[in-house]
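Engineer: Structure in structure tokens, see below.
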Amino acid sequence: MSIFIGGAWPYANGSLHLGHIASLLPGDILARYYRAKGENVLYVSGSDCNGTPIAIRAKQEGVTAKEIANKYHEEFERCFRNLGFTYDCYTRTDSEHHHETVQNVFLRLLEEGHIYKKTVEQAYCETCTQFLPDRYVEGVCPHCHEEARGDQCDACSAILDPLDLLEKKCKLCGSTPSIQETEHFYFALHTFQEQIKRAVEIAKQTGTWRDNAIQLTERYVKEGLLDRAVSRDLPIGVPIPVEGYEDKKIYVWIEAVTGYYSASKHWAEETGKDDREFWDSEAKTYYVHGKDNIPFHSVIWPAVLLGIGEGAIPRHIVSNEYLTVEKRKLSTSKNWAVWVPDILERYDPDSIRYFLTVNAPENRDTDFSWREFIYSHNSELLGAYGNFVNRTLKFIEKYYGGIMPKGSIDVELKDKIERLYKHVGEAIEQTKFKVALESIFDAVRFANKYFDERQPWKEREDDPVSCEETIYNCVYLIANFANLLEPFLPFSSERIRNTLSIVNRNWEPQHTLPTRIDSVKPLFERIDVKQIERELEKLYGAVK
């Protein structure tokens, strides 16, 4: 089976925060799981280096947009690598390859009659002497009356046009823009109304989209899909490949999401492999992002794919809700966030991955609190999982001189592990990552109980053969926990695999156990709870 996984492209205008990772982490869990199953996986993403936020940041700092994009693209790559993300291709939207692919898609849509020209009114800043693209205009949402950008309201998820906004202001200088006529290209989205309606109906029946994606897309379909501008007067981006319009840029509506397609083509060229199977209607596709990106993946991208004749429209939409910090909404402008480069300096990446999975905003907003983060590490990763691994392997080191005791796998334990693989695998495929991880940790707690009830420290003297059986089965459980947890906690899984000399990495019960165990080290270290206050002081002290 061909599995395509696309992770949303973060804007390269500032550091990643935990909100980004909370929405993107499911992609890596899926990729690791499906590779272990032996499926053909293509997992792609990249940095959005063309977005308006980058141009705005560059202007504010007095540097070029390229300098801003380079800085944060490199930082993103480093952060994703240190968090264990296993992208097959992580690229950027200002690459020559991406520009060429997007222009080809634009021309194909134009040839097929899905794009047309239209004279429209647009916000124009007399002070800055330029037309203002959507994100250069800010104001009040006409629907919910909250603060909004010219393209979308984060408060009510309404898709907007800058002219819809009340109390419009230029983001660059703060002045009120005038309205002037200009010519732009439009995507005939209304012609895909029935196909998008059918797609959301199927998703509702099969449960392959998150509820927020279903509800929001049903709302758009009910209101009637509106044609959307796909060109803008932007300083950076992909030029319109039509004579006389080269100064205009292809707008984010189709440019950014086409990044999945360009990354796929880039991967094919780099590896010499064929990527066509990932765009066939039989491919299983997952798109992983936050709820603010739903319309791009449930409406725009399917319409683009249908317009160019590709069959692999989004089958699974994994659109997480928002992550708050200490019960408050994340705010990058106010510096109310936990920044990824910062947290990675002091904490185990598996601790971050664990917390953001068991507390994932899968169906509702969830909160990151330093207290919960540190206590979850100490009680679950260290106290439950690390404790079971350490007490078992230390027992072998102390009483058997590192030589693996002989034994046979208990039938009940074998059956339990086989059922666990099936249950966890199904949960991952259904994008129920929290359920999957909690199920494994239920088994970890069972394993600790098994160790306590068998009392190998007493069996060693009273019934040495039974003691060997107990420890043998504990190692069997550890080997399989490492395998089951690899999609979630890859770093600690790798440490266990190295300790146990595990070679087989397939998604199946591990029956081959080591003959010797050397250099047993703690799987996790305890975090001093005093660190909670230090982190809170740092967080509150940095607020602007």
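In case you wondered, yes, glycine gets a Cβ from its N, Cα and C as well.
The shown structure was predicted, so the numbers you read here are calculated from the model rather than taken from an experiment.
The following feature annotations were taken from Swiss-Prot:
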{"type": "MOTIF", "residues": "10-20", "note": "motif ''HIGH' region'"}
{"type": "BINDING", "residues": "Cys141, Cys144, Cys153, Cys156", "note": "Zn(2+) binding site"}
{"type": "MOTIF", "residues": "329-333", "note": "motif ''KMSKS' region'"}
{"type": "BINDING", "residues": "Thr332", "note": "ATP binding site"}
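Are these features on the surface or tucked inside, and what are their neighbours?
Structural biologist: Within the motif ''HIGH' region' (10-20), the DSSP-based counts of helix, strand and coil residues read 3 helix, 2 strand, 6 coil.
In sequence order, Cys141, His143, Cys144, Glu146, Leu160 constitute the residues six or more apart from Cys153 (Zn(2+) binding site) in its chain with CB-CB distances below 8 Å.
When DSSP labels each residue, the motif ''KMSKS' region' (329-333) comes out as 0 helix, 1 strand, 4 coil, counted as helix, strand and coil in that order.
The number of other Cβ atoms within 10 Å of the Cβ belonging to Thr332 (ATP binding site), over all protein chains shown, comes to 15.
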Engineer: Quiz question: given the binding-site residues Cys141, Cys144, Cys156, which has the greatest number of C-beta atoms lying within 10 angstroms of its own C-beta?
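Structural biologist: Of Cys141, Cys144, Cys156, the one with the most crowded Cβ is Cys141.
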Engineer: Can you tell me how far the Cα of Thr332 (ATP binding site) sits from the Cα of Cys156 (Zn(2+) binding site), in Å?
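Structural biologist: Thr332 (ATP binding site) and Cys156 (Zn(2+) binding site) have their Cα atoms 19 Å apart.
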